[in-house]
Amino acid sequence: MSFESKSTRPRHSFQTDDKALLPIAAKVEAGERLSFEDGVALYRSGDILAVGWLANLVRERLHGNTAYFNVNRHINPTNVCVASCRLCAFGRKKGEAGTYTMALEEAWETAASGYSEAVTEFHIVGGLHPDLPFEYFMDLVRGLKERFPKVHIKAFTMVEVAFLAKRGKMTIAQTLERMKEAGVDSLPGGGAEIFADRIRHIICDHKIDGSEWLDTARTAHKIGLRSNATMLYGHVENDEDRVDHLLKLRAVQDETGGFQTFIPLAFHPDNTALAHIPRTTGMLDMKQIAVGRLMLDNFSHIKSYWQMVSPKMAQISLRFGADDIDGTVVEEKIYHDAGATTPQGMRRKDLVRLITEAGREPFERDTMYRAVTRSEDTFTVAV
Ligand code: V47
């Protein structure tokens, strides 16, 4: 994939006291691909400003001064989950206190509730429910499309797709085709966590493994569904595990070109089985954005999800490699069950303010990164 340079600004030259960064800087300035060792050296560097400077160089080459956001709404139809992942505070076993499963009418009503601003995207993820039939999820999507025909449906992680395929006795491709027919437009990037088996056994033993996640993404892209990709960091993984994760994503992207956005997700430990792990620091959060931008040379977009790293850090990250801060969200459950102290949603005007105060130009996008123009309760997408 090649990108047109959007930067018009003359650059100052690169400066660092960290000698390990010098050959990496030469490669970045020449537009060359970085290696596994380069990735590890970037993670190990204490010179966050130098690493960020390089990531910003790439970010501005691709997107100039533009920073993207969208007006979206999250819907989590159920928190009942068979998986019991140690990383998760959201999922509950069937019959446990605090479980919920939305009736279809309830899910459709939820979609319409919250802010008055017309949303352009529904983001739908949930637990791996042992009893809900495949048709529940298809009816959910079909019902949303009937009620909100203009809204893009970004639904079901690779983990949910693989689970629904198994339960419905279908192949992954058949499952994805059925989802597409029902109205799913693209897939979110969740469930990727860290691909290395050693780590997966500790944090999410009952989920599909890394190669199954990547295969499911590959299949989705091949049948024309684009997706995002995430990486969960700040738990028991090391620098090598993170670089390995990034390179595996980069390899699939070379093959399919189907990933839209990379989103590093900061681990929230509260109420999980890994509650003894401290929360991520600002340094680590900025590193993930910057190293992600530098290693994933074939991804167009790097998202700093404000719910994860806080609105303040998301704003700063627009100078450290990120070009997107996600959207209004309206109602977030997964990180709030795990102790997130951010608001559950944000108004459009507040996202615009964060971006503007970072000295960037806000660009309201739809899920496919097309421009959105709007009045409060309706919108138009540029095609
Ligand atoms: O897959 C679960 C993660 C993901 C915790 O595609 C946790 O645009 C931190 O993938 N601490 C779901 N993370 C969310 C997700 C996402 C979010 C925003 C945008 C997009 C997109 C995707 O959240 C899960 C898992 O990796 N997660 N528990 C936790 N305690």
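The backbone N, Cα and C atoms fix where each Cβ goes, and this holds for glycine too.
Record features, source TrEMBL:
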type	residues	note
BINDING	Cys81, Cys85, Cys88	[4Fe-4S] cluster binding site
BINDING	Glu193	S-adenosyl-L-methionine binding site
DOMAIN	67-294	domain 'Radical SAM core'
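Overlay of TrEMBL feature records on the structure.
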residue	record	DSSP (3 states)
Cys81	[4Fe-4S] cluster binding site	coil
Cys88	[4Fe-4S] cluster binding site	coil
Glu193	S-adenosyl-L-methionine binding site	coil
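Between the CA atoms of the residue listed as 'S-adenosyl-L-methionine binding site' and Cys85 ([4Fe-4S] cluster binding site) there is a gap of 11 Å, rounded to the nearest whole number.
Cβ contacts within 10 Å of Cys81 ([4Fe-4S] cluster binding site), excluding its own Cβ and spanning all protein chains shown: 21.
The [4Fe-4S] cluster site, placed at the center of the C-beta atoms of Cys81, Cys85, Cys88, has further neighbours from the same chain whose C-beta lies within 8 angstroms: Ala83, Ser84, Leu87, Phe90, Gly91, Gly127, Cys204.
With a cut-off of 6 Å between Cβ and the nearest atom of ligand 1, the binding-site residues Cys81, Cys85, Cys88 reduce to Cys88. Mean predicted confidence for the domain 'Radical SAM core' (67-294): the pLDDT average there is 96.
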